[in-house]
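The transmembrane segment annotation in TrEMBL covers B:22-44, B:56-73, B:102-121, B:127-147, B:167-189, B:220-241, B:253-286, B:298-315.
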Amino acid sequence: MKKAYGALAALFLTTSLSSHAFADGETIAVFTKNQTNPYFQTVRVGSDVAAKAMKAKTLHYIPTKPDSIPEQLSQIEDVVVKKPSAIVFIPVDYKAMVPGVEKINDAKIPVVNVTDRSAGGKFVAFVGADDYSLGLETGRYLLKTLGGKGNFVIIEGVKGSLTNIDRVRGFNDALKENPGAKLLASQPGNYQRLQALQVMENLMQSNTQIDGVLAANDAMAIGAIEALDGANRKAQVIGVNGTKEAIDAIKAGKLLASGDYNGFMQGCLGMMIAIRSLRNEPVITEIVLKPTVIGKENYQPYDVPLESRTCPSWDEAAKLGTK
Amino acid sequence: MTDISKPIASGRMLLSDEMIQVFYRLLAAFLICAALTILTNSFFSLGNILNVLRQASLLFFIASGLTLVVLTGGLDLSIGANVAISACVAGTVIHQTGSPTLGVLTGIGVGGAVGMLNGVMVTALRIPSFIATYGMLWVLHGITYWYMGGETMHGFPAGFRQIGSGYFLGLPIPVYLLLVFLAIGTIFAQRTTWGQEIYAIGANPVAARLSGIPVARRLLLVYTVSGAMAGLASIIFLARLNSAEADIGESLTLPAIAAVLIGGTSLFGGLGTVFGTFVGALILTLVLNGMNLLSVNASWQPLVTGVIVILAVWLDMKTRRRAA
């Protein structure tokens, strides 16, 4: 049965995807938001690793202008014509891309939604992480380290973006759980390193004692650390995303912790589900990964190049399912 | 004959008018400082003033080169992307060779080369600068994204990082560089023949050509200088942030244009000063510093910046009309 499917897929590919006529497995199109944020690189590598293990091919679609709605829409139009076997999809905007998803649905291409939950359209499954609990858990880690008290500042990401709203809400709730914790300021760094550095420099002027910094991503957390170093001041800093840079900073004792958004795992699971659904194997329709906080005690598994990490087995993955 | 000699003289004749314009801006900056001194108890301290100057310096380096381009009636939209590519290439050179000097030269060299390409497109191919540099922005983004592959480069030698975060006699190193380039830029634009020719080209390119100014060569120069300044900014960026990534430039281009506009340089060319741009960068930085110190809600901050740009340009048009 599996062989028949493979043959069918091969026949299908020879007729529709001339450049991949030699393919012996399925071709899965992977849509990510941009080439600039390291997070999406982890998703792409995760999906590549999973596809390779399952003998399928990946085709990446990334807008040249980061997070461009029209560009992702036109990439969807291209893909509907090229007809890959399945699609792993991160919408650049969870609302604006719904018409695009509907086009994919109309073309009867199975699609798995990853990272940002689309506001509409039909999906085989959703794989994501929960920004709120990630913000909450990473914030709690910081507060626990500082004994639940002290002066804190939050450096926010892009105002109005889904990830930022939920992460900052999680940070705030972690602070509220501790009556001894005082929030001095919550200021925008727009996920940018330089802006976070300057915000931190400015906040240090008006606050003589800052004990903890909660940054909505790693780049801003590292920017804040540079500002602290420059002023010869010390504070415990946390970030979110678990990027390579963050792992290095944790190893060096500069960054306290980073909440892992698990891009690699999301890429793995999205790809595994897409391929399994094509092969008529059982899938899980919803996986919301539990937050992992990477700190000094557990950074080692993350301290390897992305390409040499491995995806979980399906049995392990099945345990992560929420539905 | 009168038509031809006019633009040559215009640079010097406008000087007093420009001084009045700069004075208005210094006054505005002073008023913001006064307001912040009253509203906060942390603004008026040596530490914070040095902090503001250091933050303004990065913006000034990018905006000062841009000022020369705008004075000729052109625009350089590729500066932010140029900072990103220069930083990434210079960062690689430092990592590979371990030599900060080589890295600094590479950063300025890459920036200057990109600027020169812009200049060639504008002069030899006669592509409007807005479009040539806009196209360049995309090309640079493409190359940088591909080159970095979504990764971040970080960890540079401590000696190199002094350029961005070190102090000398109590003043941050970038502030010294700011003063040096402010002096060079001002003397070049106001006191040299080449500088005066740049004003003349912006005021009336046809008359400038007829009066024997080598327009193409001067344009090539200003675009190269603009690129090289972006290259210098990339070095300061690397040294301050201790890292390079592909998208660092995107948030720099619009503030640099804002600094030039707030500083009173006309987008139509021929009017403005490098010193005005310095005050423009200072005002923008003061406003952000003030909003942080006052803990203004994050949502309002871009709005405030936008209103200030519009207000500054409107006041500029008003006062110039009256002066004319």
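If you go along the chain as it appears here, the first residue is 1 and each next one adds 1.
Each Cβ is built from the backbone N, Cα and C atoms, and glycine gets one as well.
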Short question: most Cβ pairs under 8 Å with the transmembrane segment (B:253-286), which of B:22-44, B:56-73, B:127-147, B:220-241? B:56-73
Where among B:102-121, B:127-147, B:167-189, B:220-241, B:298-315 do we find the most Cβ pairs under 8 Å to the transmembrane segment (B:56-73)? B:220-241
Are the transmembrane segment (B:220-241) and the transmembrane segment (B:102-121) close, by which I mean at least 3 Cβ pairs under 8 Å that are 6+ residues apart in sequence? yes
Restricting to the same chain and to residues at least six past its boundaries, which positions have a Cβ under 8 Å from a Cβ of the transmembrane segment (B:22-44)? 262-264, 273, 275-276, 279-280, 282-283, 286-287, 289-290, 293-294, 312, 315, 319
Any residues 6+ beyond the ends of the transmembrane segment (B:102-121) with a Cβ under 8 Å from its own? 65, 76, 78, 82-83, 85-87, 89-91, 93-94, 127, 129, 132-133, 135-136, 140, 160, 163, 219-235, 238
